[in-house]
Ligand SMILES: [Zn+2]
């Protein structure tokens, strides 16, 4: 249902190692192109900021061109430009923000500097239609684990909780390394876990005890879990026994997914929210999807999970949020808007 | 109608040149806010020159060497601006050449035969190049390269020098030209681009580069030990 007078918005995302350019008309996704430097980082076991920034610069114009070709639009038709202003890697964000400003100047169009986390929530409008207000957002990835109450994704996002140490995806990466699985760890743990027994080892569930539930009701912690896995694996190795990789992967994954979904559904119940949206790279995890579906069904909560390609960092999510802002008449950003590597989640636009 | 952009030094700015003269220059001095200040400067310089963005025929950018984060802002701005205006990809010019060009053409300076340009490379180093100056302009004979100022050969260190290198390392670079340029003037970059296009400049044919930063350092060497890489994906970006 694309109509000509819905705003055509191009979004740019460079907060980490993917150069994403997406194009959305209204709530219709027209293009989602991503150039990733992940292969260049793999040998370091993590993202090297300077390598990511260099790759963003090289990929920017070709990725914009590919997005326009995929959408079948000319760049000059774009009504507004949106860009991730933060949070993320400072040098990487800066390349995207500068590129978006150059587009805004070159095309004579407004620019919307938006929050990366808000964009992870907003992207689902192109997959499952308008967001219920409020929606509960659970964002899980290599960089963050957040529980967000979202009355209006264009201007009102409240943080209910976040990880107090490692992000969920970070724990996946570290445990994968312990088990000799490649980076990034998420998909490899997921695959290994399918052959394993998820109740084989009783790994700890962080911040779920009575006292923690008072003080950190909707916060997460995965550092203790990671340490517990490391200790368990070492004890096995020290005793000369083989490490049952599949069982460790499955039991670890179960512990992460249990806490993530338990607290998310509890937050829905306590805040009277009927819709839970899961985003971020870890949303691609099959066990997370399955358990979230089970628990949402039991609690009478509707679950929304965008397809995996829209859960990882991409330009479409930025374009989607930009288009929502245009359609709701939100004010555009100024041309001197800064990239803010630690932009707080309640600051939806810059 | 040509737009020149440079963010390789503390001066962040843009200039418009109509082929015979510089129409307007807008420069902000702030080594930390390239990303914020450049785009408004581009919009302002077009306004001051009375030039519509559609009237631009060509964009050139200084490709450094310079501190990477700020340098990339200028290069990506030039690349995307050219693309959005349907122009050919911008030409890159070694930013140090613009400083040498300024000395070669400033009538108030007594023109030395050989010139050292040295700018701040951070990490206790300078970006540097050596030029032979003649009536036709500045011809680069060495560099660009990056080094500790004190490690340059004595006959290079003692050359007349411009750029902030001599302020930062006065003990090593002892012969600054009084009143010489400290940062890249985008107006001078524009003049150099026009001169290079016209021919007659000693570096005609070699000085126009691809629009890619002259990094001179490998990314592995950029970050301090222990912070060279995030152990996993960085904390701020989900
Ligand atoms: Zn993300």
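Numbers here mean position along the shown chain, with the first residue as 1.
Positions of Cβ are set from backbone N, Cα and C atoms, glycine also.
For the substrate site, TrEMBL gives A:139, A:140, A:141, A:142, A:143, A:186, A:190, A:285; the one candidate out of A:124, A:156, A:173 that the record lists there too is A:173.
Residues A:116, A:120 are given by TrEMBL as Fe cation binders; from A:297, A:313, that same site also lists A:313. Listed binding-site residues (A:143, A:186, A:285) with a CB under 8 Å from any chain B CB: A:143.
Inclusion criterion for the binding-site residues A:143, A:186, A:285: a C-alpha placed within 10 angstroms of the C-alpha of residue A:120 (Fe cation binding site); this criterion is met by none of them. Non-local neighbourhood of residue A:143 (substrate binding site): A:16, A:88, A:167, A:169, A:170, each in the same chain, at least six residues away, with C-beta under 8 Å from its C-beta. Taking each Cβ in turn and tallying the other Cβ atoms within 10 Å, the top scorer among the binding-site residues A:116, A:120, A:186, A:313 is A:120.
Checking the binding-site residues A:139, A:141, A:285, A:313 against ligand 1, the ones with a C-beta less than 6 Å from an atom of that molecule are A:141, A:313.
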